[in-house]
């Protein structure tokens with residue numbers, strides 16, 4: 001019998017429907033894989049075997065009764081940012097020590113309503129602040145990929161590193177993730193998986209721990225494009241509890257898979273050619289262009305002139321919002337509390353002990369740019385730049401471009417505890433150079449594996465679409481996937 005953990009969601013769905021396997025068997029296969037590998041990979045910060053088996057049994061009963069829902073019996077991993085009722089939800093931060101919410105996030109509730117099974121909570125950068133999953137209170141996640149002939153442990157990307165590593169190492173059928181500046185697309189690119197950041201407002205933010213509220217968006221990481229489409233259909237919904245949720249029906253994304261892209265116009269932005277970009281990345285981009293041209297798409301050069309300002313503007317806007325959002329963690333109602341001589345002392349000691357170094361850095365930056373003397377010079381100017389970035393994309397789309405193709409990341413995965421990056425936070429921030437524009441403009445973006453670099457590590461291509469045209473991204477990404485093939489890490493763990 002095939003190893004059940006090697007099945008895609010679509011394949012598992014077919015076998016469950018045909019009663020060739022049961023949801024309990026599938027869930028047990030994943031729980032066994034987690035038990036064997038998690039000590040090494042560190043993808044999960046909490047595993048919920050009893051809950052998983054109980055949900056799988058209920059799925060088997062519904063399948064037997066002919067009442068199977070869209071994700072019936074499919075075992076998923078949930079990023080630790082999503083509120084899961086009565087289960088560890090700590091945003092991988094010490095300050096939320098012991099926190100178990102009394103509510104369920106809208107996205108996870110949608111998944112459970114569609115019959116999905118929860119395997120546990122996935123590791124991530126603390127409060128989703130990071131590009132390498134090294135800022136987690138629970139330690140770094142190891143990428144299931146290694147360079148040819150090397151034993152060096154690599155990062156899986158961030159902040160959704162646990163989600164990407166778990167999918168790549170087959171420790172779940174698919175995973176939820178979030179993306180504020182690239183936190184779905186960059187880890188997907190580093191691990192040879194598919195990740196989509198939907199349009200801002202497509203998935204509810206209710207019950208998801210906030211980082212930067214005007215940028216945060218939930219989405220799936222999956223093994224292939226079809227699985228990502230299946231997951232997004234279940235995750236997305238209109239939600240009156242989230243004021244930024246957009247009242248548009250959720251299409252059947254899976255129906256877009258396999259559609260022709262003949263006649264589509266694909267924009268290639270000249271500003272994405274950055275100094276020092278590895279030859280492998282440039283070659284992959286050219287290969288992606290050739291694949292889409294061969295499939296009948298028209299390739300057009302475009303300009304997004306304000307791209308160069310996106311990263312500095314992002315690292316003003318996001319920390320400013322984080323500084324406001326994270327002010328609520330004070331040790332009074334929940335999470336960690338460090339006693340002090342008075343309430344102010346208690347606040348200071350709790351926050352000093354509870355937040356990690358990178359989170360403290362971003363709170364400090366955010367508080368600084370919002371302070372009276374600097375608000376106009378930094379925050380207001382960054383918001384104006386954001387408007388210009390959005391306008392660049394609008395003009396490109398108005399000129400007839402259907403989607404935009406770029407590299408997903410400026411490099412392949414790098415080593416854990418890389419000294420060069422550890423000593424210079426700005427170098428780490430540069431990992432987001434190709435992804436932040438999409439969040440600043442609120443657009444959908446998908447990362448799809450395009451090939452391996454000369455070290456044998458996966459590289460991703462990014463497609464950027466018009467607002468709420470995720471179907472265009474899925475059908476175009478599927479063309480790339482068909483041409484490039486799928487990539488699986490050789491097991492060393």
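Cβ atoms here come from the backbone N, Cα and C positions, even for glycine.
What you see is a predicted model, and the numbers here were worked out from it, not measured in a lab.
Feature annotations, reproduced from Swiss-Prot:
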{"type": "ACT_SITE", "residues": "79", "note": "active site, charge relay system"}
{"type": "ACT_SITE", "residues": "159", "note": "active site, charge relay system"}
{"type": "ACT_SITE", "residues": "183", "note": "active site, acyl-ester intermediate"}
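The Cβ of 159 has fewer other Cβ atoms within 10 Å than any other of the active-site residues 159, 183. Cβ neighbour count for residue 79 (active site, charge relay system): 31 (other Cβ atoms within 10 Å of its Cβ, all protein chains included). Looking at residue 159 (active site, charge relay system) and residue 79 (active site, charge relay system), their Cα atoms lie 10 Å from each other.
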